[in-house]
Amino acid sequence: MLPAAARPLWGPCLGLRAAAFRLARRQVPCVCAVRHMRSSGHQRCEALAGAPLDNAPKEYPPKIQQLVQDIASLTLLEISDLNELLKKTLKIQDVGLVPMGGVMSGAVPAAAAQEAVEEDIPIAKERTHFTVRLTEAKPVDKVKLIKEIKNYIQGINLVQAKKLVESLPQEIKANVAKAEAEKIKAALEAVGGTVVLE
């Protein structure tokens, strides 16, 4: 008990405390889930009994079971329409099917064999860009070759072109379109050079 001198100061607090006890004694619906679980022993046992175990079969809500039954009764055309509508509604992009080994084992053997043959044969792509490389030069035609090289390499003078021809093989131009590479090759071979397109 509080001393008599302190009672006037604590009076309002004691009144609140008494009101709280009175409120707690009444059966007021619980707001807090933890207090609700603590206060109702029977409901707590039901909640624990309803928790799924790892090895127990999962029980699905009746709404889900009804959906499965409804979908199972649809025809293939109706399933296709349902699939299309779900993709539009849920904004799912259409992704092609990726065949798996187990699924494809007996499904379409001829198509699978055709795909296997196509995968084994490498497709030769036609190259579109080449590197023009000068490999040899005839000593008689060096002067003509130096002048022609000066036409195809920008910013090179005669001395640099002469050094380039004397230290073969050399790259003349890289990453050139096929038509231009053949044009350069024809021009350099016309003045006595041996050119390789790589």
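Backbone N, Cα and C atoms are what each Cβ position is placed from, and that goes for glycine too.
According to Swiss-Prot, the transit peptide annotation covers 1-36.
If you draw a 10 Å sphere around the CB of K125 (N6-acetyllysine), it holds 6 other CB atoms from the protein chains shown. In the three-state DSSP scheme, K125 (N6-acetyllysine) falls into the coil class. The N6-acetyllysine annotation in Swiss-Prot covers K125 (among others) and rests on experimental evidence.
The N6-acetyllysine annotation in Swiss-Prot covers K138 (among others) and is backed by similarity to another entry. In the three-state DSSP scheme, K138 (N6-acetyllysine) falls into the coil class. Less than 8 angstroms from the CB of K138 (N6-acetyllysine) sit L145, G192, G193, each of them six or more residues away in the same chain.
Residue environment of K142 (N6-acetyllysine) contains 16 other Cβ atoms, counted within 10 Å of its Cβ in all protein chains. The N6-acetyllysine feature in Swiss-Prot is assigned to K142 (among others); the stated evidence is experimental evidence.
Following the DSSP three-state reduction, the secondary structure of K144 (N6-acetyllysine) is helix. Within the same chain, residues at least 6 positions away in sequence whose Cβ sits under 8 Å from that of K144 (N6-acetyllysine) are V191, G192. Positions annotated as N6-acetyllysine by Swiss-Prot, on the basis of experimental evidence: K144 (among others).
What Swiss-Prot records for K150 (among others) is N6-acetyllysine, and it gives experimental evidence as the kind of evidence. Close to K150 (N6-acetyllysine) in the fold, though at least 6 residues off in sequence, lie I156, N157, L158, A161, each with a CB less than 8 Å from its CB.
Under DSSP, K150 (N6-acetyllysine) is assigned to a helix (H, G or I) in the three-state scheme. Annotated N6-succinyllysine per Swiss-Prot: K150 (among others), in sequence order.
If you look up Swiss-Prot, you'll see K150 marked as ubiquitin cross-link, on the strength of experimental evidence.
There are 16 other CB atoms within 10 A of the CB of K162 (N6-succinyllysine), with all protein chains counted. Feature annotation from Swiss-Prot assigns N6-succinyllysine to K162 (among others).
In this structure, K163 (N6-acetyllysine) is part of a helix by DSSP. Proximity of K163 (N6-acetyllysine) to non-local residues of its own chain (separation of 6 or more, Cβ distance below 8 Å) is seen for none. Per Swiss-Prot, N6-acetyllysine is recorded for K163 (among others), and the stated evidence type is experimental evidence.
Under the DSSP three-state reduction, K173 (N6-acetyllysine) is assigned to strand. Cβ neighbours within 10 Å of K173 (N6-acetyllysine), excluding its own Cβ and spanning all shown chains: 17. According to Swiss-Prot, the N6-acetyllysine annotation covers K173 (among others).
The feature N6-succinyllysine is assigned by Swiss-Prot to K178 (among others), with similarity to another entry given as support. In the three-state DSSP assignment, the secondary structure recorded for K178 (N6-succinyllysine) is helix. Around K178 (N6-succinyllysine), taking its Cβ as the centre, 13 other Cβ atoms fall within 10 Å, counting all chains.
Annotation comment: Swiss-Prot describes K178 (among others) as N6-acetyllysine, evidence class experimental evidence.
According to DSSP, K185 (N6-acetyllysine) is assigned to a helical segment. Here Swiss-Prot flags K185 (among others) as N6-acetyllysine, drawing on experimental evidence.
Note on proximity: among K142, K162, K173, K178, the modified residues of the record, the Cα nearest K125 (N6-acetyllysine) is that of K178. Checking each of the modified residues K142, K162, K185 against K173 (N6-acetyllysine) by C-alpha distance, the shortest gap belongs to K185.
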